[in-house]
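First the structure, in the form of structure tokens, and then the observations on it.
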Amino acid sequence: MPVQAAQWTEFLSCPICYNEFDENVHKPISLGCSHTVCKTCLNKLHRKACPFDQTAINTDIDVLPVNFALLQLVGAQVPDHQSIKLSNLGENKHYEVAKKCVEDLALYLKPLSGGKGVASLNQSALSRPMQRKLVTLVNCQLVEEEGRVRAMRAARSLGERTVTELILQHQNPQQLSANLWAAVRARGCQFLGPAMQEEALKLVLLALEDGSALSRKVLVLFVVQRLEPRFPQASKTSIGHVVQLLYRASCFKVTKRDEDSSLMQLKEEFRSYEALRREHDAQIVHIAMEAGLRISPEQWSSLLYGDLAHKSHMQSIIDKLQSPESFAKSVQELTIVLQRTGDPANLNRLRPHLELLANIDPNPDAVSPTWEQLENAMVAVKTVVHGLVDFIQNYSRKGHETPQPQPNSKYKTSMCRDLRQQGGCPRGTNCTFAHSQEELEKYRLRNKKMSATVRTFPLLNKVGVNSTVTTTAGNVISVIGSTETTGKIVASTNGISNTESSVSQLIPRGTDSAVRTLETVKKVGKVGTNAQNAGPSAESVSENKIGSPPKTPVSNAAATSAGPSNFGTELNSLPPKSSPFLTRVPVYPQHSESIQYFQDPRTQIPFEVPQYPQTGYYPPPPTVPAGVTPCVPRFVRSSNVPESSLPPASMPYADHYSTFSPRDRMNSSPYQPPPPQQYGPVPPVPSGMYAPVYDSRRIWRPAMYQRDDIIRSNSLPPMDVMHSSVYQTSLRERYNSLDGYYSVACQPPNDPRTTVPLPREPCGHLKTSCEEQLRRKPDQWTQYHTQKTPVSSTLPVATQSPTPPSPLFSVDFRSDFSESVSGAKFEEDHLSHYSPWSCGTIGSCINAIDSEPKDVIANSNAVLMDLDSGDVKRRVHLFEAQRRTKEEDPIIPFSDGPIISKWGAISRSSRTGYHTTDPVQATASQGSATKPISVSDYVPYVNAVDSRWSSYGNDATSSAHYIERDRFIVTDLSGHRKHSSTGDLLSIELQQAKSNSLLLQREANALAMQQKWNSLDEGRHLTLNLLSKEIELRNGENDYTEDTVDTKPDRDIELELSALDTDEPDGQSEQIEEILDIQLGISSQNDQLLNGTAVENGHPAQQHQKDPGKPKRQSLGEDHVILEEQKPILPVTSCFSQPRPMSISSASCLPITTSVSVGNLILKTHVMSEDKNDFLKPIANGKMVNS
């Protein structure tokens, strides 16, 4: 059995006895086959043959000279004259010169021969391939003929490698890989990367290793199908190029077929992965050589395998591919390179020596060289190697460049094992392990510094940014982008907000802390720059005695939580005064998986603001104290979808109403019907939760768009949400995939992202919450309430009443509708407000309001109170959206912002703007021009009353969930714009009145709700008939129908969606009649300030006469709605009640059909006091004027 040969790096020890060579006992003696053993082991051989390859030893063992080239590396002294005698003196002379050259070259191996465990200070200047070839040369026995042949071949190989090294020194490594893959692609082949290429080759082997013959198409499809789960980017084209690479390498045996594709069978010698991979690699190396590229084995290993462990493998491939002509070609290439660079190191002097080495025959059976040829070859190789070392040390731009470690890399952070165990490292300077303790500590320290300097959040610790920090009770400071203290609020138990502390309790919302923080700072900075529009002082909001929900939850890094109403009070969200931040900062880095916290406005805030330490991380979620109901996130966003993934810009909206019959649709819609919903239903969400923005099964998430003048907050206004019992099961599950952030109710589920269906109650059990809902409507639109009037930002809203939250409605304001906290204007074509109380088929949600284009205000939910008596009068909901003229519309259809159409702001994702149970098609094509739409345009789509209006909860398509909540009052406000400047007076009066009437309001609300339900079904028919009679009498007396022909016929009807919540005592009924008299009488005077005429596109409508035989009541009660002419039949329900025995129930009454016109609903507001000159009127721009 031949002995296993040692590794080439262990050339300083005997491969048989493993003893290190020395000059006494274990003298190194090289054999003709280039194996070197110690003299002791050589004398013990039984036969004169090499123990490794069984080559015969022709010369006497005692005559073979000692290899002093190796002895000098272990510290032995080389004698000047060696006692060796050849046939003649000339041979001895040539031998001495050649031996001296080899011994000189061996000195370059000195770093590999340091003492055991001791690192050598002088690192080798030669690369690892050069060192390996030099070891081969040093081990040659020049005395024997076989040894001289091997020495000549080793000299040639060393010279060829020298040329390659010199070319590599002049080559740009950045362009190397690009040039290589360009050459590979030019031949119809492709390399897919180390991991993917390896997997593809293994799959090809799996398909063909049994000798089966497949067509190229079938083979490619098989590989692609198996690759797709791990590599989704795999395609038939790319895999076909990989197969073509193997085809070029002659790995297949091809069988041609007539009029059919050829069959490919893997050759037997390539039916193992190692053989197939070697041939594959050899083909790529061959392509590189054809392209004239010089690539080192290290680079090959890195390119093809992604590591440095395959250098020897690649070197052997390179060596095998070398042809006798390749050396000469390399010399020519080097000459051209030197001409281009100017040759500062005078490398042209090496050209004769290189040409001499190139002329050596590399064949193993070549003729034995003469002694003179041996001497010349050794001198030539010594010269060129010296020239290479000199160039690397003195002229190379890459010479001894220290590799730059990446953060957290393992580069030189542990000691070299070869150095410890063998006493020397063959890798030299290229070793990725440390060779000394100083080097080890140096790189470990550098690694720590690089890790510490990685910035996770670029805006921390700058002016105006307050980071989050944990306090003792789990409270977290909000990220506020203001340069000054914006205001300090303390929530007290009596509902008063003081300015003492600015710490707010935060709750987690989704993930991506750094992304969310940067986004929040950006939005708050934008809000801060617009804060001057809100009033003289941004801190004026904190003067409110009534806690109001934040105007814009996410913009102030504070999202209201739908928590228990008895847990603390609501807090004011203060708009920052100013902000120094630019809003053009990129908002969305690619990934981060932390948690961002947002304010919970219902929690006590007793702590001062500490500063945030400079770390890049956020504290854990705040702990919930014992005995307190925990608040779940109000706005939940899934984190398993990449933020930057966008749907196609032209992606059609999903149709959530595909199950309805065609008669329920607006069949004359100018838009194409959307395709069917492509995602299945999502499991039901918890009670009060909005349908999610996207399904977590989708592969993209709707992105937030950035504009110059408006920051889209992608959040909903803080509002109370609808109980799950209102929805029927099928409808609820159908709408769970609608777009928009969804709210989570007070009940904390196990996981904020998991949907927990709650028990559904029958509709008849909702009666205790109807009055509460009507009382809390103002709270839900506070975010869109204050825009231009300085005092309007401080308008009060009704505080939370002790009754439970109302489950009566849910409004989905899409993320397209966003406003800043104070003063940010709409800068896009303004969308219509979708009202939850609308009738599904009429679409009072489709209103488009024509008003002053730039005077944009959205006031809502003003609590109107009597200045004298303190009794609560009414709440008038003024929903208004402004529409710019078409020439002022800056919207580009395919810009990065949302598309604005007559249906509102249309985002780039599949969304439905509002929750309704009727099939209203509210989609728009991108880029469609914004066109005003009047309600009368849609009158033909209102069908006659059918079975859908017959009962409250039997039909799944019934809109009674919404239409029974309130009446809609529509007023022609064409002449009101000129009086909009007087709205400030009323706002001031409202602010002064709120403190006197707060307690009375709560008491009246509580009393009204107790008495309301006693008259569940009484008098609803009588009230409606009485209402019609009273209206006709008022209209006949005042003749105000003749005063309203001043509007243009083509003018849009401006719709004011208003709901009157009437909770007044019995003594107010006579005053209400007086109020109507005042309003109807003055309407024809003050410049038509309140035109009571029913108008359809600017023309007065004919009045509809009711049957005079119906019973009549003595007062209007609280139904202040004028129901007038209607061409089609429109269902209207009586929704207002009064705490009297004959009042009307709002939650349990059946729908009542009457003849009204959708365009002719007139809003009659009531007087604030007994004075006839002091009453409120809705104005076109959303302000309220005190006449």
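Here the Cβ of each residue, glycine as well, is placed from N, Cα and C on the backbone.
Annotation source Swiss-Prot lists Zn(2+) 1 binding site at C14, C17, C38. In the three-state DSSP scheme, C14 (Zn(2+) 1 binding site) falls into the coil class.
Here Swiss-Prot flags C33, H35, C50, D53 as Zn(2+) 2 binding site, drawing on similarity to another entry. Around the Cβ of D53 (Zn(2+) 2 binding site), the number of neighbouring Cβ atoms within 10 Å comes to 13. Under DSSP, D53 (Zn(2+) 2 binding site) is assigned to coil, being neither helix nor strand in the three-state scheme.
Under the heading phosphoserine, Swiss-Prot lists S548 (among others), citing similarity to another entry as support.
The phosphoserine annotation in Swiss-Prot covers S806 (among others) and is backed by similarity to another entry.
According to Swiss-Prot, the feature phosphoserine maps to S981 (among others).
Annotation source Swiss-Prot lists phosphoserine at S1115 (among others).
For 91-170, the entry in Swiss-Prot reads region 'HEPN-N', with the evidence type similarity to another entry. When pLDDT is averaged over the region 'HEPN-N' (91-170), the result is 83.
Under the heading region 'ROQ', Swiss-Prot lists 171-325.
The region 'HEPN-C' annotation in Swiss-Prot covers 326-396, and the record cites similarity to another entry as its basis. Under DSSP, the residues of the region 'HEPN-C' (326-396) split into helix, strand and coil as follows: 52 helix, 0 strand, 19 coil.
Annotated region 'Disordered' per Swiss-Prot: 527-571 (among others), in sequence order.
The region 'Disordered' feature in Swiss-Prot is assigned to 640-677 (among others).
Per Swiss-Prot, zinc finger is recorded for 14-54 (among others), and the stated evidence type is sequence analysis.
Summarising the annotation, Swiss-Prot assigns zinc finger to 410-438 (among others).
Between the listed binding-site residues, namely C14, C17, C33, C38, C50, the fewest other CB atoms within 10 angstroms of a CB are found at C17.
Surrounding the centroid of the Cβ atoms of C33, H35, C50, D53, where the record places Zn(2+) 2, the chain contributes additional residues within 8 Å, namely L31, G32, S34, P51, F52, Q54, T55.
Per Cα geometry, H35 is the residue among the binding-site residues C33, H35, C50, D53 nearest to C14 (Zn(2+) 1 binding site). Cβ atoms within 8 Å of the centroid of the Cβ atoms of C14, C17, C38 (the Zn(2+) 1 site) belong to the same-chain residues S13, P15, I16, Y18, N19, F21, H26, V37, T40, C41, site residues excluded. Straight-line distance linking the Cα atoms of C50 (Zn(2+) 2 binding site) and C38 (Zn(2+) 1 binding site), rounded to a whole number, equals 12 Å.
DSSP assigns C38 (Zn(2+) 1 binding site) to a strand segment in the three-state reduction.
The two recorded residues, C17 (Zn(2+) 1 binding site) and H35 (Zn(2+) 2 binding site), show a Cα separation of 14 Å.
Here the zinc finger (410-438) is broken down by DSSP into helix, strand and coil counts: 11 helix, 2 strand, 16 coil.
A 10 Å cutoff on Cβ-Cβ distances gives H35 (Zn(2+) 2 binding site) a total of 20 other Cβ atoms nearby, all chains included.
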